[in-house]
Structure formats: structure tokens, C-alpha cells
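Database features, via TrEMBL:
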type	residues	note
DOMAIN	1-80	domain 'Fibronectin type-III'
DOMAIN	85-187	domain 'Fibronectin type-III'
DOMAIN	191-288	domain 'Fibronectin type-III'
TRANSMEM	356-377	transmembrane segment
REGION	462-482	region 'Disordered'
COMPBIAS	468-482	compositional bias 'Polar residues'
Amino acid sequence: MVMKWEPLKPTERNGPGLEYKVSWRQRGVETDWNEELVKKHSLSVRNVPTFVPYEIKVQAVNNLGSGPEPNITIGYSGEDVPDAAPSGVSVEVVNSTLVQVFWFGIPRDRVRGHLRGYKVSWWKTRSMLDGKRHHPEKHFLTFVGDRNSGMIPGLEPFSEFHLTVLAFNSRGDGPESSPVVFETPEGVPEQPRFLRILNFDKDSVTLSWGLPKKANGHLTGYILQYQIINETHEVGAVSNVSVANRSALSWRLAGLSPSTKYKFYIKACTAKGCGKVATEEGLTLAQGSKGSGRISDAVKPTPKFQPSEALEPGAEYTIRLVTKNWVDNNSIFEDVIETRGRAYAGIYEGISTQGWFIGLMCAIALLTLLLLTICFVRRNKGGKYSVKEKEDLHPDPEAQSIKDEIFGEYSDSDEKPLKGSLQSLNGDIKATGSADSLVDYGEGEHGMFNEDGSFIGAYSGSKEKGSVESTGSSTATFPLHA
């Protein structure tokens, strides 16, 4: 047992040699006081019973004497965990998910501390539907204070459970009571996993649904409901269809109105009632329309494609890839496609026989031919130009320097024809096969120039001037030096 107190302030000591006289004795027992002088403001006492009440008092003493007589305080020795379990544990079933637990509290002297409350633990052992044993997964709920009952919610219907109760204090939990076995009754089933429309016609529909996630009892059948809906808040009366066969997972509804939107509901039922509904909406076909159906193909996991030859041309299909058992409402893949066929071919044939289409094609062909002709003419015309224009466009620096040294500079005045140049041309120059050829100047010997004006022959003689004219072109006279 540890006893502590507030020490005196320096102004309250009133002298040297301050000490504290601690006195204690067990409450309810006529014995003398145990006393001890200490200089500190705490005292530990060993070998005392667990959590027993004691009368305690502390008095200040100095060299001049004792202080005022203190008041008696009730304290307890150290706590320990409870050493007894609650007794008389019983369970009262309220419904399929709720029970009430009752127990008798442990004696106060067995708490061995300050009672903080009780803990109720429970775990499921097996399902009453299939008799399958379950690995015990404990749940617990704490009830604070000194009480002897509590409510346990959230239990699974139609199952077997075990339950225990224990007391706890500040030091920890005490021992558990002996397990009590109880069973919850049947409950209503959970919502069916899905509801789908397999086939729609103008006056009927075929529906398919999945088993509820948890039956919570023995299924007795299904309730199928449907009503007319529209874009407004007005809805039609609800019609009910009872499916007594508990193993049925599809149903065909007949007597529906054509071109009408319906909403469908399905819920599973047990002896305790029916659960939540799964819903689906759909529109019946118009008069004269062809009904829609479901085509199923088994696909192995290995191939990456699956051909289907049972489709009709010009029709719209919804493609779904689902697991083999189709246990939920989720598809691995889903897409809407439209097949091509006679409907598309008729559209194309109609366009090809229209007069405006033929005229447009002819205009495009004529415009293309005209553009090709223009390009061909421009290309041939651009390839002809004179030798002098070629030299002006692409001058050769080295040849220009040589020409300057030999022939010297000349201007447009040098190219003017001289008097009698025509007679000199007729009398002295012999014509060659090309009208653009030049004739050399010399005494008795003639040099030769090719068509681009380059010099290819030898020449000699004294300096002689002349000019040459040809039809459509003019040439300049060059002074030659022997």
C-alpha cells in the first residue's frame, strides 16, 4: 500500500527538524494504530491484504513539538484483477439479429479493486442452414458500471453462437463465465444478386435473377412485381406474381402492353418474410417489331476472340462477357454493336444511281485531266532557253576571267551591225547545218565554235572584224588576236 500527501510549505513549518508521523489501521478492525516517522511526503507499506480499506492520518512534527491533530482519511490497499466470474448467465432471443443477456455480478470482495464494468463475448460456431462449422471469430461488447444485463445486436440469423461474460477493474479482466449456447431464428433474405432482362417482345418479357447473398433461412420462393413507368412522376399500379418454386431463377411475364416502359422488382422470401428488392427497367417492343433474344456462347480462357454467326444483318446487339456462373450483376466487358448487311447495301446502291452523284464524279474527272494538261505544257515550255541566257544565269568565274584577258570588255555598242555585214556574211562565211553556229575569222583558215559558243578549233591570221545575224537571234563580233 502506498500513501502520499502534500508537504507543508516553508512558511508553515514554524521551526527546524520537520518530519511527518503517518498512522494507519485496517478499517472495521479494533487494533492499535501503526505509526512511522518519515521526512518524505510518501510511505509504502508491504504485506497488506489486496484492496482492503484503511483508516489513514498524517501529522507534521518538528523540534518544538507536534502540529494539529489531522483528520482520518479512508484509503485502500493495492488492486488486483477480479478473481471470480459472473454467474447465472442466460440469453433471451429478441429476434433473428438481437438477443438480451442476463448475469449475476461478482461479490464486492472478489472484485479486488474498483469495478469498472462487464464484458460480453460471443462467436458463431455453425450455420443452421447448411450445418457448416465456422472458425470462431470473437466479438465483444463492454457494459460500463455495476449492471447485470445488456443487449447484443447485429447477429447473423439462423446461426448457433456461444457467449461468455466477465468482470473487469483498473488492473484488468477477470475470469470468463462458462459458455452459454444459443441459436438465432430464421430471418428475411438479403437482396438478390441481380435482375436482368433476357428477352423482350411486344407483349411479354423474360426475366432472370440471382440467388440472395445470404438466405438467412430456408427460401420459400420469390415475389415478382412490375408496374408501368414514364418520364413523369406518375406510375402505374403494381402487379404481383408469386414464384413458389424456390429453385427458379427465371420467369416469363405475359400480357404486357406494346411500346410501354416497365419497372420490374424481385425479392426472395423465407418463412419470416421477404427481403430487399432488386430492380430493372425495360421497354416492350412496338406492334410488328421483331423480338429480341439472348444468344450465349461458351468461351474458353485461352482464345482472345470469339466468332458468332447467329447474328442478323442491320440489327443492334448488346455484347456482354460474364463469368460462367453469372453470380453477380457485373460484366467483365460490355458494349453495344450494330451489324451491317442488306440495309447498308441498299443505302450505298441508292447513292450510286443518283444523277447528282454521277455528275459530280464527271466534273472531278475533267478537272483532274485539265490540271494534268496545264502541268505538262508548262514543263515543256520552261525547258527551252538560249545559250547566252544559260551563261548569264550560271556564270563561270574562271571562264569569265579568261574571256576578259583575251577578248577585253565590250558593250552593247560593239554588237551593232556594221555596214556591209550582210554582204560579208554571204561572201565569206560558209553556212553549217545549225543556224546558231559561229564562223571563225582568219586568212584562208576557219576556226569552229559549237552551239553553246565554246571555241573548239585552231585559228590564225590577222585581226578581222565581222558580224553575224541569224533569224530570231543576234550574235556579237569578237576581236581575235593571232
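Placed from the backbone N, Cα and C atoms, the Cβ positions cover glycine too.
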Distant-in-sequence neighbours of the transmembrane segment (356-377), which means Cβ under 8 A and at least six residues beyond its ends: none
Secondary structure content, the domain 'Fibronectin type-III' (85-187) (per DSSP, counts of residues): 4 helix, 54 strand, 45 coil
Residue distribution over DSSP helix, strand and coil in the domain 'Fibronectin type-III' (191-288): 0 helix, 52 strand, 46 coil
Averaged pLDDT, computed only over the residues in the domain 'Fibronectin type-III' (191-288): 90
Structural state census, the domain 'Fibronectin type-III' (1-80) (DSSP three-state): 4 helix, 35 strand, 41 coil
